[in-house]
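Visitor: Quick one: this structure, given as structure tokens, is what I'll be asking you about.
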Amino acid sequence: MCSGNQTSQNQTASTDFTLTGLFAESKHAALLYTVTFLLFLMALTGNALLILLIHSEPRLHTPMYFFISQLALMDLMYLCVTVPKMLVGQVTGDDTISPSGCGIQMFFHLTLAGAEVFLLAAMAYDRYAAVCRPLHYPLLMNQRVCQLLVSACWVLGMVDGLLLTPITMSFPFCQSRKILSFFCETPALLKLSCSDVSLYKMLTYLCCILMLLTPIMVISSSYTLILHLIHRMNSAAGRRKALATCSSHMIIVLLLFGASFYTYMLRSSYHTAEQDMMVSAFYTIFTPVLNPLIYSLRNKDVTRALRSMMQSRMNQEK
């Protein structure tokens, strides 16, 4: 009876995947773990604080900050889907993940990645409307339009996750079940399949092109028009204000699209599994740390709102 149960448990365990993690081959695993944990806490605190500020401060109830709060929410979810499992696994020594857990991780990762790409396009259109169409801005970017744009971003991201996750998880994995990543990422998982996935890889590549092409067109068109208007401005102060309004967003666009292009569109023969893991760590851990810093330190409205909130809290304590 016990023997039968043990066999059943071994068979069940054999279906689990093993995540390599960031610390597997490192000689300074403890130091790397500490740095990752601190970055995780910084990202959680920074994005949560940014969301709290935007929703509690009436002066920040504008379309631009509404989109920034959604970006911060996506970054928070990104972190919570991928990083805690890796950190806990390093402490407990259990780096395994079940197929269902792997599928859930992959679905949320694809959903959030897709939604964030479209959200950046919506933010670029918002900047175009603010800089190039200031008189029509209240009409073009009213509350209903902003809510519809954000809802569309989430829906399109979910479509991406619902399309790719079931197909990826349906492939047989009869070779090593060791995923060379710290979370269940589609390219890393496909390398474990013992069936021919060349057609699916091509379809995934085309899907990525479609997912990235529309946002890239919107973003590039918006900023081309903005730069054209800035070039025609006579006022140096007006130029600086317009550039400051858009520069923060452009930094985030370059970071995310660069990482997405590298991971999903560059041929796998041009990069190693270790390089893939570093890029994944960059846009999963480092970018959520940078986003609040970029949008707060470079933004007088946010810093003013933060000082106001801290002063009100101090007055309440007195």
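The backbone N, Cα and C atoms fix where each Cβ goes, glycine too.
Pulled these features from Swiss-Prot for this protein:
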- C102-C194: disulfide bond (DISULFID)
- N5: N-linked glycosylation site (CARBOHYD)
- N10: N-linked glycosylation site (CARBOHYD)
- 1-30: topological domain 'Extracellular' (TOPO_DOM)
- 55-62: topological domain 'Cytoplasmic' (TOPO_DOM)
- 85-105: topological domain 'Extracellular' (TOPO_DOM)
- 126-144: topological domain 'Cytoplasmic' (TOPO_DOM)
- 164-200: topological domain 'Extracellular' (TOPO_DOM)
- 225-241: topological domain 'Cytoplasmic' (TOPO_DOM)
- 265-277: topological domain 'Extracellular' (TOPO_DOM)
- 298-318: topological domain 'Cytoplasmic' (TOPO_DOM)
- 31-54: transmembrane segment (TRANSMEM)
- 63-84: transmembrane segment (TRANSMEM)
- 106-125: transmembrane segment (TRANSMEM)
- 145-163: transmembrane segment (TRANSMEM)
- 201-224: transmembrane segment (TRANSMEM)
- 242-264: transmembrane segment (TRANSMEM)
- 278-297: transmembrane segment (TRANSMEM)
Visitor: Whose Cβ, among the disulfide-bonded residues C102, C194, has more other Cβ atoms within 10 Å than any of the rest?
Guide: C102
Visitor: Honestly, do the transmembrane segment (106-125) and the transmembrane segment (201-224) touch, with at least three Cβ pairs under 8 Å and pairs 6 or more apart in sequence?
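Guide: By the criterion, they touch.
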Visitor: Taking 63-84, 145-163, 201-224 as candidates, which has the most Cβ pairs under 8 Å with the transmembrane segment (31-54)?
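Guide: Between the stretches 63-84, 145-163, 201-224, 63-84 has the largest tally.
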Visitor: Same chain only, please: residues at least 6 beyond the ends of the topological domain 'Cytoplasmic' (55-62) with a C-beta under 8 Å from a C-beta of the stretch. Say none if there are none.
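Guide: Apart from its flanks, the topological domain 'Cytoplasmic' (55-62) reaches 69, 301-302, 304-305, 308-309.
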Visitor: When DSSP is mapped onto helix/strand/coil, what comes out for C194 (disulfide bond)?
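Guide: C194 (disulfide bond) sits in coil per DSSP, no helix or strand.
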Visitor: In the topological domain 'Extracellular' (85-105), how many residues does DSSP call helix, how many strand, and how many coil?
Guide: 15 helix, 2 strand, 4 coil
